[in-house]
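I have placed the structure first, in the form of structure tokens, so that the comments after it can refer back to it.
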Amino acid sequence: MYPMKYKRILLKLSGEALMGNRQYGIDPERLSEYAKDIKEITELGVQVAIVIGGGNIFRGVAGAMNGMDRVQGDHMGMLATVINGLALQNALEDAGIKTRLQTAIKINEVAEPFIRRKAMSHLNKGRVVIFGGGTGNPYFTTDSAAVLRAIEIEADVILKGTRVDGIYTADPEKDTNAVKFDNISFKDVLSKGLKVMDTTAFTLSQENNLPIIVFDMNKKGNLLKVVTGENIGTKVK
Ligand code: UDP
């Protein structure tokens, strides 16, 4: 039995992560890989809440650049996160995990509305809770939703699953001399101008002393390593 470092986590997955190798939409194989990784940690007793992005389907900013009303576009983006949430819920349930999807915008026929106490009760019963619809407000991102929900449900940490294995001194996909940080403070992220989350999300995390771990979610077994406290990825605290 592994010692668990975290009892309750908030996992943030971007919409793009669900694309796998595709250019758009959802890759069912990627989803089922994620489901297996998530199952592994729930079976060890870790309580898992997930905030899912929508960038694989629609982003309000992109719509606005093409002349669309920004708020209208953000509503579309938030609904995109609900589509991803439903897909993820399906994959998790296929893997035998009990789940609930709660949305910040009410779609009662499809999902529960976000109710903090209910979410915490589901988590205590071992159900994975997926939060869709972002914060429910335009001009925010799902990173902000992730931090907000993490604080509300009293998660121990935010795990930001990405395709890179942490925070680097420069973009490792462009600069071969880039060096990875194992640990870094909120202050240093800001002073070095590093990009972890958008400023609103990052500041909210900092103000509430909520650590963020950025790690490569596409490598099998990494999620387990993170929750057992193995030093992979980069921890911001
Ligand atoms: N969005 C929003 N309010 C929120 C969260 C998301 O309006 O609280 C919209 C916004 O248009 C955003 C889109 O939903 O571009 C998808 O979310 P995000 O870009 O954060 O997804 P990710 O980059 O994680 O895939």
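Heads up, residue numbers simply count up from 1 along the chain you see.
Heads up, the Cβ atoms here are built off N, Cα and C, so glycines get one too.
The UMP site recorded in TrEMBL includes Asp74, Thr135, Gly136, Asn137, Pro138, Tyr139, Phe140, Thr141, Thr142, and the single candidate from Gly54, Gly96, Gly161, Gly166 that the record places there is Gly54. If you compare Cα positions, Gly54 (UMP binding site) sits closest to Ser14 out of the binding-site residues Lys12, Ser14, Thr162, Asp171. With the fewest other Cβ atoms inside 10 Å of its Cβ, the least crowded of the binding-site residues Ser14, Thr135, Asn137, Thr141 in this structure is Asn137. In this entry, Gly54, Asp74, Thr135, Gly136, Asn137, Pro138, Tyr139, Phe140, Thr141, Thr142 make up the residues listed for UMP, with the farthest two CA atoms of the set 14 Å from each other. Neighbour counts of Cβ atoms within 10 Å were compared for the binding-site residues Gly54, Gly55, and the top value is held by Gly54. Residues Lys12, Leu13, Ser14, Gly15, Gly55, Arg59, Thr162, Tyr168, Asp171 are recorded as binding ATP; their most distant pair of Cα atoms lies 26 Å apart. For ligand 1, the neighbouring binding-site residues among Lys12, Ser14, Gly55, Thr135, Thr141, Thr162 are Ser14, Gly55, Thr135, Thr141, by Cβ distance under 6 Å.
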